[in-house]
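Trainee: Quick paste of what TrEMBL says about this protein:
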| type | residues | note |
| --- | --- | --- |
| BINDING | CYS236, CYS303, CYS304 | Zn(2+) binding site |
| DOMAIN | 4-318 | domain 'Hcy-binding' |
Amino acid sequence: MAGAVEEIVRRAGGCAVIDGGFATQLEALGADINDPLWSAACLITKPHLIKEVHMQYLEAGADVIISSSYQATIPGFLARGMLLEEAEGLLRRSIELALEARDEFWKSTLRKSKPAYNRALVAASIGSYGAYLADGSEYSGSYGEDITTEKLKDFHRRRLQVLASAGPDLIAFEAIPNKMEAQALVELLEEENIQVPSWICFSSVDGKNLCSGESFAECLQFLNASDKVAVVGVNCTPPQFIEGIIRELKKQTKKAIAVYPNSGEVWDGRAKRWLPAECFGHKSFDALAKRWQEAGASFVGGCCRTTPSTIRAVSKVLKGKTAYSATQI
């Protein structure tokens, strides 16, 4: 692992806590994210809410907070009639808001007689090409026959350059659904000589393969060969699959493993609502998180429909008595 990544894991007692669902919490604060830009629309309309969500996750014990740029793309902003400079400015703003929240929270922590947290890392979120399309392909990995590795690199290149230059501690490629895109990202990190450590997290619908049906082993071959990728893992995946995925990844890689699944609730696209979580042995999310740590995860958090309450419970169960000792990184 890269220095800062390795250090936050050590400071957290062997397993660092990632934050939880971003759009979920924005909605709880009253934001309307029914928009092609999804939660990134708040960068334009309500940036103060983005900062508030970051603060809530920091208070809950997150060691890593992820920026609001998952669905923030230059083409997406241009389609809203923005100039290129404005689009790039909003990408930078997503990192600035997270950094501001982290630094303000850390200052307030240090003022307390018994400081209670680690100084969090800020990860710049980069969603898949399918997330930009917003046509469901982020859940299938099917981008069409005309999409090539080179086209995917061209799509991601400028966003990666802008976000990496804005000062994050990590680059988080999230919910990558197919091998081609993962390969494009690894090649892009090399071509652009990105010095910020990265993680690449896949999404899975069956717990055995990527959404595309390709195996984790196929993707890990070239991820393992890249020293730009510090962490691999899965997110936006049902929680009942996570323990098995960690065990499979442990066989295939020596890199640190990050997992931050959905709450277990299932989105009903026809009814446009969330259905209750499928039964996974009466285990609460935080109890499962402990099992993920024991299986070998170095980073654990939540994705869709998880909240600061979820992350507070995860932080408590993972850190136990060692939780919340303030340490400078």
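Glycine is treated like the rest: Cβ placed from N, Cα and C.
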Trainee: Which chain-mates of CYS303 (Zn(2+) binding site) that are at least 6 residues away have a CB under 8 A from its CB, listed by sequence?
Mentor: GLY20, GLY21, ALA175, ASN235, CYS236, THR237, TYR260, PRO261, ASN262
Trainee: Including all protein chains shown, what's the count of other C-beta atoms within 10 A of the C-beta of CYS236 (Zn(2+) binding site)?
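Mentor: A 10 Å sphere around the Cβ of CYS236 (Zn(2+) binding site) contains 26 other Cβ atoms.
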Trainee: Other than CYS236, CYS303, CYS304, which residues of the chain come within 8 Å of the Zn(2+) site, judged by Cβ distance to the Cβ centroid of those residues?
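Mentor: Close Cβ neighbours, site residues excluded: GLY21, ALA175, SER203, ASN235, THR237, TYR260, PRO261, ASN262, GLY302, ARG305, THR306.
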Trainee: Neighbour count, 10 Å Cβ-Cβ cut-off, for CYS304 (Zn(2+) binding site): what number do you get?
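Mentor: The Cβ of CYS304 (Zn(2+) binding site) has 21 Cβ neighbours within 10 Å.
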